[in-house]
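Worksheet: the structure to be examined is printed underneath.
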Amino acid sequence: MSASMVDSPVVTSDPRFRAGRTLVERGMADQGAVDMFATLLEETTQTYGESSIESAPAYYEYGNALLRAAAIAQQQEDEQQQQQQQPEDGEKKPSVSKEKDDQSGNDNEESNDNSTNDEDPNEEEEEEEEEEESDVPLALTMMENAYSILDDYCESSSNNSSCDYSKWVKEQFPRVLLGIGDTLSTLGRHADAADAYSRSLEIRQNELQEFSNNNNNDTAVATIPQLVAHRKVVEATILVAEELLACPPDQDVVTTETSSLIVKKEERIAYAKGYYDKARDALQEAVFLMGKLAAANVDLGREKEDVCFLATLVMGVGESLAAIDEAHDTQPSEPVQKKAKR
């Protein structure tokens, strides 16, 4: 098969791969996507090898599915706790117990004696939480494996494979870095997440610049790919700002593995505001492009929804910065201390 006929690893054409991607994109990663990608990863590593470029997509998608499924589980747990904190009818059972009763199929009319239940619900919940927590570090490992394979593929001077995946690999870098950033953020490693997002942003800015160069900087030209490129720049930019604000205020923002200084603690807020301003400006450009496309009766697909979601993120960071400024302004100023005469 010629290189021109195949421009991405074989596994990306597998129906299970596409089905898993669809589930994740629709917010249904917990409904079979994890198992699909786990199976595909096992198959690709056994067929092509653990460090093969053919295995890279399965590594990333498995990690991504794990992360999204863990996020869904966490959201459900938070909602459940909120419901339990609300006043309830004395005869109403907690939703967790009801769900377990329905799944087990036990006849509650036979006995209402709790002493016959050998399983402690609290222990089960703790086990589920531990499993969810372990999934996130595993997700990071999978994504980092994918990134390492992509990086090695680019750096290798010659590829033994009959297929050239260079274009596909180039397209995957910003997405993989974004996924790594999401995972690091979930783990509370906000400085590392900001670093991953900024690396993704650099690539996306270069991609957007290519659109401008190809159009000779003609602002009258508007296409869906150009809108997507703008949206992706907004996304990466605002995520950097968000992670900078999440970093401890009393510490310099430093990466974990390389100990690279991103920004000093005194400049962290100003640095985050700079990214926020850039994201806001880029969002305005994206909205302008979207309006031009809509006026030309171009089908925007999911882009309108995605841009609106980013607008919410930008607004949230703006509100956080405003709250920080307000708190700073309301702090009482320290009295000036006179220097002792010498």
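All positions are counted from 1 along the displayed chain.
The backbone N, Cα and C atoms fix where each Cβ goes, glycine too.
Where the annotation comes from TrEMBL, it is an automatic prediction and has not been curated.
What TrEMBL records for this protein:
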COMPBIAS  71-86  compositional bias 'Low complexity'
REGION    71-137  region 'Disordered'
COMPBIAS  89-103  compositional bias 'Basic and acidic residues'
COMPBIAS  107-135  compositional bias 'Acidic residues'
REPEAT    174-207  repeat 'TPR'
- Task: For the repeat 'TPR' (174-207), provide the mean pLDDT of the predicted model.
- Result: 97
- Message: Quick check on the compositional bias 'Low complexity' (71-86): DSSP residue counts for helix, strand, coil, in that order please.
- Response: 15 helix, 0 strand, 1 coil
- Task: With DSSP as the yardstick, break the repeat 'TPR' (174-207) down into helix, strand and coil residue counts.
- Result: 31 helix, 0 strand, 3 coil
